[in-house]
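As structure tokens, the structure follows; a few thoughts come after it.
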Amino acid sequence: MLKKKRIKFCLQLIVILTLIYAVLYYFLSSKNGVIEKQRVKARNFSLYECPSNENFDTIINRNYAYNLKWQNETNLRVLLIKRQESIYAKTLATFIHYLKIPVRSEVFDVSELLLDLKEGRFSIIIFEDYNIYLNLDSKNKQILMDYCSKNKVGIISFFGFGGDNLAFEKETHVKFVSDEVITDLHFTNDSKIPFVAKKNRKLSLSQKDGSGWSVFYPQSMSSYHPFITCVDSGGIDAAVAIHDNGSISHVEHIIFGQNLQHFFIKLAFWDALLYMSRGSYMWSLDTYIQIDIDDVFVGQVGTRLVSEDISALIDSQNFLRNHIEQFNYTLGFSGHFFRRGDKVENEADEILVGWF
């Protein structure tokens, strides 16, 4: 019985002490302010300096496939010819959609392809796998070439997904090597295709980024010429993308040996689309920059913005306005999280709303 009373007394004492501690903590916090958490201060970064000495104010001329601007020969649509359930074709279609270019994806079927070509419904034809083009019989391939030649339609293909390398070399007079290690990636100086991309700038690749590339070696009798050039593991110049200007076939054709995984190929594919579109899709080199700071009020207590951060944000915005006309940060927030931090963070929330 005595033991139970002692246990009961101890429990009551613990409860009383806990209540006293809570009351004291409340009054001390109210009087002295919330104890601030230790915060990691923002780091200052040096300004980026462009390594190029070129004058970017120079007007860049836009070139067109067939040296001829689009004249309503076809509808403004891209035909993407793919294999059944192709993941890579979805990647290509998504990229083209981002550029706001109408695209129609078709699972490869000769009869449907020939019907579409007779109607002249497409201004660019893309083969997600060059082997589809390569395996066309002579009759259908000739119909395709006649359509492209007559309507000034360019072809873009991707090679390197497996297939008959010997047949490719016989068709193009270009040697193909896969799983190569490359570096010094750059656009060929005499190529007419680059518009958004800059020439004369080499991209050095690390061992990791430069491994596993597929490259081309055009032979002297080939009508294909390098569009993107690199240096292989043996120090020999090679090409990652090649371009047939139609001097023999009367059809312009660009072939990539690499997919869109690397940003350099994405940029090159963009320029290839602009070149083959022959000015039907109007693009400007004006660049619009938007920095979106999303969920600015969201975060755990102790990790949110404070007044010093707001001042730094405003200073950096004013600095950028000296170089970018009418520049503004774009802030996104949820009112649910407004003033849900500690005292210092809540004051910063109010300063931010009051300023912007």
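A Cβ is built for glycine as well, from the same backbone N, Cα and C atoms used for every other residue.
Source: prediction; values computed, not measured.
TrEMBL lists 80-276 with the feature domain 'Heparan sulfate-N-deacetylase N-terminal'. Annotation comment: TrEMBL describes 286-353 as domain 'Heparan sulphate-N-deacetylase deacetylase'. Look at TrEMBL and you will find 9-28 tagged as transmembrane segment.
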Rounded mean pLDDT for the residues that make up the domain 'Heparan sulfate-N-deacetylase N-terminal' (80-276): 88
The correct DSSP tally for the domain 'Heparan sulphate-N-deacetylase deacetylase' (286-353) reads 29 helix, 6 strand, 33 coil
